[in-house]
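Chemist: Just dropping this structure here.
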Amino acid sequence: MASSDIQVKELEKRASGQAFELILSPRSKESVPDFPLSPPKKKDLSLEEIQKKLEAAEERRKSHEAEVLKQLAEKREHEKEVLQKAIEENNNFSKMAEEKLTHKMEANKENREAQMAAKLERLREKDKHVEEVRKNKESKDPADETEAD
């Protein structure tokens, strides 16, 4: 574009800046456009070239399909590994919970048995004491009766 194609008109001047209006003159018929209006014509392709392009396209399709299948297989394998790991962790958790519960139940059983043994021992001590008191009383009673007579 030549400088004669553009006109600059000042609109207003402010402290924040200036405003301009640019007026572009219409293009002349003689000027050559910067870009071609139609795409360049393609050369005619031979049957061999067409066949090669079709084979290359088929090869690309097969390669893409193989890549997609490979990715799917990898994804399935990963899913299997994740599932196996989850099952293993679940089993480990179950075993640990079962062992913990068994240990707790054994501790409770031992505690209960110890408490029962302690109660039985106290009862035996009480029976022994009662028997001693009875013997002492019986041994004193006949003596008291003879003295009183």
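Placement of Cβ uses the backbone N, Cα and C atoms for every residue, glycine included.
Small disclaimer: the values here were computed from a predicted structure and weren't measured.
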Chemist: Of Lys52, Lys119, which does Swiss-Prot mark as N6-acetyllysine?
Modeler: Lys119
Chemist: To see if you understand the setup: which same-chain residues, six or more apart in sequence, place their Cβ under 8 Å from that of Ser16 (phosphoserine)?
Modeler: none
Chemist: Measure from the Cβ of Ser38 (phosphoserine) and count the other Cβ atoms within 10 Å, all protein chains considered.
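Modeler: Around the Cβ of Ser38 (phosphoserine), 5 other Cβ atoms lie within 10 Å.
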Chemist: Could you tally the C-beta atoms, other than its own, that fall within 10 angstroms of the C-beta of Lys100 (N6-acetyllysine)?
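Modeler: Step by step: centre on the Cβ of Lys100 (N6-acetyllysine), count other Cβ atoms within 10 Å, giving 10.
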